[in-house]
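Asker: Please see the structure below; I have some questions.
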């Protein structure tokens, strides 16, 4: 089997493209069921965040990439967006290296940001829950998690707080004076929404409104702060009227706040959702300030240098970790092949041996029976190597012939 990944991320695709190809907000079990139904797709892990959507796969034929792209394209709402214009294909070792760097935060818009590791772990867990991960892919992810833990403990790559959530709040502070007199509406109580809430509470605003599909989760988060309340998403119309700052971090398939919902009050809109939850046209209204994930990059750049010198140390750890993984995989593959070879030999010998013993018990000459037994075993054991050598010779594969000669202790010079 071959290991591949297909990805769309912020490096090549702007937010409007990433929004179209995002797989978040969809029925996860349905996604896994549909991708595993594709011929030659054996296992899969689907990762979808605000900055990237990536699919990690074990396949039996590289030609299946066309079918996977067609599968992905089927979830795009706007047919003008063609996945072939944006996706990146990685194969083999490149997949593992990328995933290690990704989990360590080296591939993030926010260098070293810690959230991505949790998102990768969540994706892995969902894959296991949907019986979509196999032994090899499981070993890859376990090594990735161990590597990320080592990088976090042995470097300071994540010590400067420049997460997307932190940067979003920094941006809001720049846009509004005296935030202690402002009402803040946060839409979404997931991992990012909770992080946003923590950063906002540190600014001590007048009031925080946290809206979520399930109010229980929002209530649990808001219970830690006096001036905060939990609401359902269905309460948005009345919450928008009260809010001075609206920040969205929620999985939706269409805009949940549009121009006609906001009136003439001046507001700051920050949307870190993928797909986008706040209509970008809100920024066209003179009284509003509107920012999306890509805009936040300007805030991030200021702090990036503080982490860059740590990234080289992280890279060295990753390279060593990858080398260790590949060495262990070679041993696993070798041991598996050796085990299979012995099982094959046992099967050949056991069948012929039983027949030979039966002949001896029936009075056949033991010497003749043993000679016949040895002849049959020789033919059976050498059958596949001989066929392979003939095929290699026909194809002009002298390298295969040399390899086979070495396997059987033959003279490679002849």
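Indices start at 1 and increase along the chain as displayed.
Here the Cβ of each residue, glycine as well, is placed from N, Cα and C on the backbone.
So Swiss-Prot has the following annotated:
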| type | residues | note |
| --- | --- | --- |
| BINDING | 49, 50, 51, 52, 108, 113, 114, 115, 119 | substrate binding site |
| ACT_SITE | 50 | active site, nucleophile |
| SITE | 98 | site 'Important for activity' |
| BINDING | 188, 189, 190, 191, 192, 193 | NADP(+) binding site |
Asker: By the DSSP assignment reduced to helix, strand and coil, which category contains residue 192 (NADP(+) binding site)?
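Answerer: Assignment for residue 192 (NADP(+) binding site) reads helix.
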Asker: For residue 190 (NADP(+) binding site), list the number of other Cβ atoms lying within 10 Å of its Cβ atom.
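Answerer: Within a 10 Å radius of the Cβ of residue 190 (NADP(+) binding site) lie 16 other Cβ atoms.
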Asker: Given the substrate site residues 49, 50, 51, 52, 108, 113, 114, 115, 119, which other residues of that chain have a Cβ within 8 Å of the mean position of their Cβ atoms, reported in sequence order?
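Answerer: Near the substrate site, beyond 49, 50, 51, 52, 108, 113, 114, 115, 119, sit 105, 109, 110, 116, 164.
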Asker: Inside 10 Å of the Cβ of residue 108 (substrate binding site), count up the other Cβ atoms and send me the figure.
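Answerer: Step by step: centre on the Cβ of residue 108 (substrate binding site), count other Cβ atoms within 10 Å, giving 24.
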Asker: Take the C-alpha atoms of residue 51 (substrate binding site) and residue 192 (NADP(+) binding site) and report the distance between them in angstrom, rounded.
Answerer: 13
Asker: Beyond the listed site residues 188, 189, 190, 191, 192, 193, identify every same-chain residue whose Cβ lies within 8 Å of the center of their Cβ atoms for the NADP(+) site.
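Answerer: In sequence order, the nearby non-listed residues are 194, 195, 196, 212, 249, 250.
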Asker: Three states by DSSP: which one describes residue 119 (substrate binding site)?
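Answerer: DSSP call for residue 119 (substrate binding site): helix.
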